[in-house]
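Participant: Let me begin by handing over the structure; questions about it come next.
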Amino acid sequence: MNEEFFGEKRTSLGESVRTFDAFPKTRSTYTTRTPRGGAITLLLLLTSAYLAITELRNYLTGSESHTFLVEPGIGHDMQINLDMTVAMPCSSLHVNVEDAVQDRILAGQLLSQEDVRFDDAGAHSLYSGAGGGEGGGARLRGPQEGGEEGGLQGWVEKGRPVLILGRDGRGGGIYGSMGVNRVQGDFHITAKGHGYWEDGVHVDHQSFNFSHVITELSFGDYYPKLVNPLDGIVSKTDENFYKYQYFLSIVPTVYESQTSGKSLETNQYAVTEQSRKISSHFVPGIFFKYDIEPISVTISDRRTALLAFLVRFVFLILAPLHLTVRGRADAECGGIRLVNIVSGILVGGGWVYGLFGTLSGYFRRQRRRTDGMLNGRALGGEE
């Protein structure tokens with residue numbers, strides 16, 4: 001019997017490297033091809049392709065973990081980013097912020113304003129089945145509900161809205177950013193001469209129309225995948241005296257990227273709306289009442305290390321290739337020999353990487369055990 005069929009032939013080191021196969025197969029002499037075997041091979045190829053695509057998608061998108069903590073400190077200020085359009089000209093609008101410490105900010109002087117014509121196409125109501133002017137129901141809407149597909153886009157990227165509402169087709173665009181105290185507050189838009197005394201200015205009641213489109217309302221800087229509940233909503237009414245109220249619960253948020261090692265402090269929020277028709281004795285307008293929650297959330301963005309991704313991805317690509325290689329003649333092809341060598345290196349690299357990850361985890365656990373110590377020594381053990 002020929003020893004060559006059993007792989008017992010003695011070869012030199014160079015010949016061993018040249019014919020190395022990280023995925024040894026049964027020789028074709030001892031195999032029988034069947035339709036069932038071909039179906040299994042095809043199934044394995046499709047499974048490997050699916051796993052490879054999944055691995056690539058996971059590497060590109062990463063994964064997030066959320067940790068909730070009691071807010072450790074008191075912030076001094078935060079940023080409000082606004083881009084909205086009201087169905088009244090800017091000359092008729094008064095924009096103001098008043099917080100719990102009685103600080104008043106003339107937001108109309110800090111934000112940009114311009115008259116626009118606008119269309120509410122693409123906007124949506126805050127809650128299903130009704131717009132802002134069609135009932136006084138309220139519904140809690142969290143940060144991950146609704147919003148535009150693909151996450152947050154800045155108001156600069158979206159550009160100015162083009163709305164067509166209002167009795168004369170004119171609307172007031174209000175956009176920009178401003179700093180406020182990080183305390184409970186009320187940001188509101190009213191008609192001039194109503195709610196605040198303004199010399200010689202009094203907007204006619206018949207011109208009131210606080211229908212509006214909010215392109216963006218956010219607090220703080222942007223981070224990937226952030227969805228603000230009020231982005232892209234429209235609220236309409238035909239009533240002159242109508243009061244829109246949005247109650248916002250702001251949650252301090254820290255976004256950490258383990259890929260870059262950087263972190264970003266910002267905010268996200270949930271909102272409840274309660275809007276209704278009011279009498280002429282009250283002040284109509286749009287009111288955003290916000291409060292700071294005593295908890296904070298840390299969002300950690302994790303991505304697979306490049307080496308680990310390459311090992312897994314190439315392994316999933318090369319392993320099915322070996323399923324199609326049959327016989328010694330194929331094994332002697334230069335391309336297949338290269339695949340064999342690369343596969344062996346990747347498999348060995350995967351083992352080394354796994355061992356390195358295990359050791360790194362062990363040392364991290366050892367470092368955590370030194371919590372409550374100074375310089376690795378127990379308190380009182382310093383020289």
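Quick reminder: no glycine exception, Cβ is built from N, Cα and C everywhere.
Copied straight from TrEMBL:
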DOMAIN    17-105  domain 'Endoplasmic reticulum vesicle transporter N-terminal'
REGION    127-152  region 'Disordered'
COMPBIAS  129-139  compositional bias 'Gly residues'
DOMAIN    173-314  domain 'Endoplasmic reticulum vesicle transporter C-terminal'
TRANSMEM  304-321  transmembrane segment
TRANSMEM  341-363  transmembrane segment
Participant: Could you break down the residues of the domain 'Endoplasmic reticulum vesicle transporter C-terminal' (173-314) into DSSP helix, strand and coil, giving a count for each?
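Facilitator: Per DSSP, the residues of the domain 'Endoplasmic reticulum vesicle transporter C-terminal' (173-314) fall into 12 helix, 74 strand, 56 coil.
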Participant: Over the domain 'Endoplasmic reticulum vesicle transporter C-terminal' (173-314), what is the model's mean pLDDT?
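Facilitator: Summing pLDDT over the domain 'Endoplasmic reticulum vesicle transporter C-terminal' (173-314) and dividing by its length gives 87.
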